[in-house]
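Some features that Swiss-Prot has for this protein:
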| type | residues | note |
| --- | --- | --- |
| BINDING | 165-172, 190-194, 212-215, 282-285, 314-316 | GTP binding site |
| BINDING | Ser172, Thr192 | Mg(2+) binding site |
| DOMAIN | 1-158 | domain 'Obg' |
| DOMAIN | 159-333 | domain 'OBG-type G' |
| DOMAIN | 350-428 | domain 'OCT' |
Amino acid sequence: MFVDQVQVEVQAGKGGDGMVAFRREKFVPFGGPAGGDGGHGGSIILYVDEGLRTLMDFRYQRHFKASAGGNGQGKQMYGRAAEDRRIAVPAGTTVTDADTGEVLGDLTEPGQTLVVAKGGRGGRGNMHFVSPKNTAPEISENGEPGEHRFIKLELKVLADVGLVGFPSVGKSTLLSVVTQAKPKIAAYQFTTLVPNLGMVQLDDGTDFVMADLPGLIEGASQGVGLGIQFLRHVERTRVLLHLVEMDPDNGREPLDDYDQIRKELGAYDDNILKRPELVVATKMDLPGAAERFADFKAALLARGVAADHIFEISSLTHRGVTPLMHKTAEVLKTAPHFEPEQAAVKTADYKYQPEPALKVTRDSDGTFVLTGDKIERAFKMANLDHEDGAMRFARQLRSMGVDDALRDAGAESGDLVAIDDFTFEFVE
């Protein structure tokens, strides 16, 4: 099964907790703090695997979690850093944040990697909190939570040449003639339901990748038929071979077919119409096809289409196929490469930016609830198992303006205050 679009959940690993420990050694009566730091949590990393062609592997597994870092130990020993979770994707995969729509990256080159969820840093051990006032601190940090997000993976087939046209105009047949690909071929519409790729190898040593794309019909750019589901694959092709059948009995006019496909491509993305295009008249072995082709070619020439960009072929007899492939290779030499989708560029900005506002709300039972990224992160990294750690967290809250915010919200001494799942009493 061909899968080209999927949403997955990624959870990076939490950093390891820092350690509260002291040096205990013979003849060293005041060894001091010796708690080590926690190890970094594992990140979620996507990488391009040349052997993959679809996102099929994500059909049955859509949740990925990296390991947490190891906790710090005594004797200033650091916790072990967790291994990153590496996930293979095919070349041509665009990664976006499912919630914001931000493009995180466009994976097009073999071996290319992208970090989609960063592991949390390890918490610091008590050896970092020594001060002149507290030479034996019982303070440490818990590991930082790893990033969590939902991402959307969208595969756009990477091919040099794309075959476009109405259903059953001979795209799959042409691909099977010029490559070793074995697409499904039958005399009914929408035989091709997935893109098929093949390598064209010419006698002069030139080669290129050709993609047989599912047939388009009127309204495809609005989702009719296979619609946008496969129009996206045209975006990554450098040259288009536009196939138009000359069958006198199909009930359609070749020029109308040509115009309709061009209209749908332009409605989806007008940049596609700027790509080099060769017009290919197919099924020229049928009776009456030559007359239809003569009228069709005359109409194209009148519109300014170059004569050397119009071909007539029969995939059944292989007539005209070799000249078409050589011309395609010639056009490819000067055809521009597609521009990868630009990921949001993350640059360091050292200008002052205020922290997101601390929010104080009140539950129906009278408990004041504190929310905000900074305060929630500080809480998750606070080790409240020791009095020193609890006092440090209280000082952090005060420095963030929590006391003033609670008073402004009407809190009085003795009222309950909640952060996440932790509840404490407000004391003036």
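Along the chain as shown, the residues are counted starting at 1.
Quick reminder: no glycine exception, Cβ is built from N, Cα and C everywhere.
As a summary of secondary structure, the domain 'OCT' (350-428) carries 29 helix, 17 strand, 33 coil according to DSSP. Counting other C-beta atoms within 10 Å of each candidate's C-beta, the binding-site residues Lys171, Lys283 are led by Lys171.
Look at the Cβ of each of the binding-site residues Ser172, Ser314 and count the other Cβ atoms within 10 Å; the largest number goes with Ser172. For Gly165 (GTP binding site), other Cβ atoms within 10 Å of its Cβ number 24. Of the recorded residues, Ser172 (Mg(2+) binding site) and Lys283 (GTP binding site) place their C-alpha atoms 13 Å from one another. Under DSSP, Ser314 (GTP binding site) is assigned to a strand (E or B) in the three-state scheme.
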